[in-house]
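This report concerns only the one structure given below.
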């Protein structure tokens, strides 16, 4: 009888422990899923808002000064980096941001990337200025194709046949989108030209980032700090050469607080996109981040079409689906190739390679 009681008590205790562990597991899963959902939603909100906000600023007919607008956003990013450092010192347990002191030698090492960075954000904004948000996904869709091409030319890296097929789908979607936009009478060849240049510079930016990372101890925030400081200096002569000083000086809204508020907000969102991108990758994976970015681009296009009350043909939507589908397939193919190459070992290094080479640029 005593043995029976002991076994019954032990069984009850074990079953209770299993129930508690199962409940805790379910609770942790729900919390984890909720956290991921919040992070993805935050990334979508910041990224989509930033695109529409930049389109609003660049579409200002009274102020045709895209270089000045981009320069100001770089200034805001540098100021926010200093502010985040201050908060990190005052609240070390709450804010995590590396301490950065400006070093001329490091700035010089980052300079080649900064030149590419200027081209990337400038051409990105010029594309957005001329094509609008609805066609923006198509106009800027060739970054993956340029990534394959430039990786072969600069890094001597070959690409698999499956990945090349994905690039072919993207190219087909791009040309179909240009054709449909032309038939609709809303095609801007200037926007397409700047979109192609922006795509090329996005790929160059990814390649040069790999080379420059050791100079900033692998810190993406240090890189952002030096990149934007260099950009602020390099933008000044460009603003003078392209005659934007006179345009800014004669702008009637120069003393308008709402204008500067929107300009500053654009800079804040430009800074925030780097943070939420890193956050999404941290809580999911580089592959999930790319899939999320593709879905976000699709949602962004739909929102733009609905907002502008536009009517698009079936082939126009097909071109978007080809671009987005090809980009997603390319990401999946590359991730599978990286997993095979690591042979189940250091998967983190594969993730880092995917992140540095395939991630969405901050201008998107």
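Every residue, even glycine, has its Cβ placed from backbone N, Cα and C.
Per TrEMBL, compositional bias 'Basic and acidic residues' is recorded for 349-364.
According to TrEMBL, the feature domain 'Sugar phosphate transporter' maps to 35-306.
According to TrEMBL, the feature region 'Disordered' maps to 338-364.
Residues 128, 133, 136, 262, 265-266, 269-270, 272-273, 276-277, 279-280, 283-284, 292-293, 296, 299-300, 303-304, 364 of the same chain, all 6+ positions outside the transmembrane segment (29-53), place their C-beta atoms under 8 angstroms from a C-beta of that stretch. The transmembrane segment annotation in TrEMBL covers 29-53 (among others).
For 65-90 (among others), the entry in TrEMBL reads transmembrane segment.
The transmembrane segment feature in TrEMBL is assigned to 110-128 (among others).
Summarising the annotation, TrEMBL assigns transmembrane segment to 135-155 (among others). Using a Cβ-Cβ cut-off under 8 Å and counting only residues 6 or more beyond its ends in the same chain, the transmembrane segment (135-155) has close neighbours at 51, 55, 124, 127-128, 163-164, 166-167, 170-171, 173-174, 177-178, 181, 186, 191-192, 194-196, 198-200, 202-204, 206-207, 297-298, 300-301, 304, 319-320, 323-324, 326-327, 330, 357-358, 361, 364.
Taken from TrEMBL, the feature transmembrane segment applies to 161-178 (among others).
Cβ atoms under 8 Å from those of the transmembrane segment (190-208) belong to residues 112-113, 116-117, 119-120, 123-124, 126-127, 129-131, 135-136, 138-143, 145-147, 149-151, 154-155, 178, 356-359, 361, 363 of the same chain, restricted to positions at least 6 beyond its ends. TrEMBL lists 190-208 (among others) with the feature transmembrane segment.
Positions annotated as transmembrane segment by TrEMBL: 228-245 (among others).
Beyond its flanks by at least six residues, the transmembrane segment (257-277) meets 39, 42-43, 46-47, 49-50, 53-54, 56-57, 69, 72-77, 80-81, 220-221, 224, 289, 359-360, 362, 364 of its own chain at Cβ-Cβ distances under 8 Å. Here TrEMBL flags 257-277 (among others) as transmembrane segment.
Counting same-chain residues at least six beyond the ends of the transmembrane segment (314-333), those with a Cβ under 8 angstroms from any Cβ of the stretch are 137-138, 141, 144, 160, 162-163, 166-170, 172-174, 176-177, 179-181, 184, 287, 290-291, 294, 297-298, 301, 354, 358. Annotation comment: TrEMBL describes 314-333 (among others) as transmembrane segment.
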Contact ranking winner - 110-128, 161-178, 228-245 against the transmembrane segment (65-90), Cβ under 8 Å: 228-245
